[in-house]
Amino acid sequence: MLPALETTLPLLLFWGGIGYLLGSVPFGMVITRAFGLGNLREIGSGNIGTTNVLRTGSKAAAAATLLLDGGKGAAAVLLARALAGEDAAQLAGLLAFLGHCFPVWLGFKGGKGVATFLGLMLALAWPVGIACCLTWLGVAVLRRISSLAALCAAVAAPVWCLLLGAPQAAVLSALLALVILWRHRENIARLRAGTEPKIGQK
């Protein structure tokens, strides 16, 4: 189920653009440079997300990246919802997520979108967002593999939407889950081979 269309096309395009610009801010790279940790593209996997920031050895930098990457997804949703409507909020959230994954500033080579996904789900439907966060946390604690935790949280999101009374977010969450699965295709191959590194490993 999708939200009813209640916003004009020009406003939808505007909020989609705002969402994309918010999402495309590469906080992981900004923070690692601000902390004097070097160029994130030359560290670990070269990814701009929280897991790779953690490979610098700075838990503070990783926590800041997690909060800001999640925050930009939430901000896009909350701003669009407050000033336009639910349809604009979902579009802004989607574009914030895609902005993180494909930022124009980095030649469309960004992160895998997990923190931004969790942030925008918390803003769209907080019970679903909390359930997704707990899913991620549970798998991460039990298996110590960040990518597996992310995949489980993403795949569970549409189910949580239906179980927790947020069917209007189910289609969007399913679309985001598909993108996350695709962005993690190399991780999936390593998981199948048993070579995926655990959290904290470089």
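Including glycine, each Cβ sits where the backbone N, Cα and C put it.
Feature annotations, courtesy of Swiss-Prot:
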type	residues	note
TRANSMEM	11-31	transmembrane segment
TRANSMEM	60-80	transmembrane segment
TRANSMEM	88-108	transmembrane segment
TRANSMEM	117-137	transmembrane segment
TRANSMEM	162-182	transmembrane segment
Distant-in-sequence neighbours of the transmembrane segment (162-182), which means Cβ under 8 A and at least six residues beyond its ends: 1-3, 86, 90, 93-94, 97-98, 101, 112-114, 117, 121, 124-125, 127-128, 131, 150-151, 154-155, 188
Sequence-remote partners of the transmembrane segment (117-137) [C-beta within less than 8 Å, at least six residues beyond its ends]: 69-78, 81, 89-90, 93, 96-97, 149-150, 152-154, 156-157, 160-161, 164-166, 169, 172-173, 176, 180
Intrachain residues whose Cβ lies under 8 Å of the transmembrane segment (11-31), provided they are six or more past its termini: 39-41, 47-50, 52-53, 61, 64-65, 68-69, 72-73, 75-76, 79-80, 83-84, 87-89, 91-100, 102-106, 110-111, 116
